[in-house]
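Chemist: Pulled these from Swiss-Prot:
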type	residues	note
BINDING	C126, H129, C149, H155	Zn(2+) binding site
COILED	220-258	coiled coil
COMPBIAS	334-345	compositional bias 'Acidic residues'
DOMAIN	271-329	domain 'COS'
ZN_FING	26-82	zinc finger
ZN_FING	121-163	zinc finger
Amino acid sequence: MNFTVGFKPLLGDAHSMDNLEKQLICPICLEMFSKPVVILPCQHNLCRKCANDVFQASNPLWQSRGSTTVSSGGRFRCPSCRHEVVLDRHGVYGLQRNLLVENIIDIYKQESSRPLHSKAEQHLMCEEHEEEKINIYCLSCEVPTCSLCKVFGAHKDCEVAPLPTIYKRQKSELSDGIAMLVAGNDRVQAVITQMEEVCQTIEDNSRRQKQLLNQRFESLCAVLEERKGELLQALAREQEEKLQRVRGLIRQYGDHLEASSKLVESAIQSMEEPQMALYLQQAKELINKVGAMSKVELAGRPEPGYESMEQFTVRVEHVAEMLRTIDFQPGASGEEEEVAPDGEEGSAGPEEERPDGP
């Protein structure tokens, strides 16, 4: 069915805007978040400038250097929940930006800049009966229509319902879907943060194992050089394979989060549509998209201990004639034995006193 459009004034919902503004206040400066907005591991948000100020206050030594920005690691506590936030070498610039909050701020500022009485309410008019407004909803055809169409027109044999009833029902359904989607986004964000930490742990463990490997090979003669290169390559391949897998998962989760955030933004904008008929023309499609997005199954996470590189530990207590058979010993921590500065092995521990294996 085709419709024509008429207009009449509509008041804005100032109460909803006030409630939204309260959710966009930074707990430090007590002002609306200023970009960039960063999300802490505890899922609270701060202006990046405010996060930097909190860090400086918690670390007087940094202030004594005359620095106004943080360029390496440190820690501070979240002002909302007191959770300790540990920074990497990038400082507060290593904290992830919350693009969803930034987008909501932009939408809020755009909406709040409009006069409350400047909007016009659109009334869809029935094309079949030009003087009749669209005021009922055909449940059989799932389209808005007018009363005369029900009495005399194409929908006289259809089941209908009042337009406000269907409007409230579908708006409630979309609102519930958005809530589920936002909750899912929070879980995805937490998983991404966890997997980024896994990447860092893999890199740290790999770096530590490489250092141990180099220290031990440096104490041996030239015959070890070829074998050392082979083992380093094996370790590097394993590191790269693990990092590629985890980073691939991060990309998948990130793509899902981006698509979900865009859908949330689109749904929020749709819910702000004050006209029931206009809203209902697009609500069904949005509801289906939100439902489908909330049911998407994401790829699994790395299994527990996936970041471990302990299987690349090397012992140097083997006899010289067996040097070319040295290989990694999975499960060995690589921390029991020490190499003396002159190249001689340190005091043997319980494992080193055992006879060499075959």
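Cβ atoms here come from the backbone N, Cα and C positions, even for glycine.
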Chemist: Let me know how many other Cβ atoms fall within 10 Å of the Cβ of C126 (Zn(2+) binding site).
Modeler: 22
Chemist: Among all protein chains shown, how many Cβ atoms are found within 10 Å of the Cβ of C149 (Zn(2+) binding site), not counting that one?
Modeler: 24
Chemist: Determine which residues of the chain contact the coiled coil (220-258) at the Cβ level, with the cut-off under 8 Å and only residues 6 or more beyond its ends counted.
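Modeler: For the coiled coil (220-258), the nonlocal Cβ contacts are 185, 188-189, 191-192, 195-196, 198-199, 202-203, 206, 209-210, 213-214, 296, 298-299, 301-302, 306-307, 309, 312, 314, 316, 320, 323-324, 326-328.
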Chemist: How would DSSP class H155 (Zn(2+) binding site) in three states?
Modeler: coil
Chemist: Taking each of the binding-site residues H129, H155 in turn and counting other Cβ atoms within 10 Å of its Cβ, which one has the fewest?
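Modeler: Each of the binding-site residues H129, H155 was scored; lowest Cβ tally within 10 Å is H129.
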Chemist: Please spell out the DSSP helix, strand and coil residue counts for the zinc finger (121-163).
Modeler: 6 helix, 16 strand, 21 coil
Chemist: Give me the DSSP three-state residue breakdown of the domain 'COS' (271-329), ordered helix, strand, coil.
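Modeler: When I sort the residues of the domain 'COS' (271-329) into the three classes, I find 29 helix, 0 strand, 30 coil.
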Chemist: Average pLDDT across the domain 'COS' (271-329)?
Modeler: 80
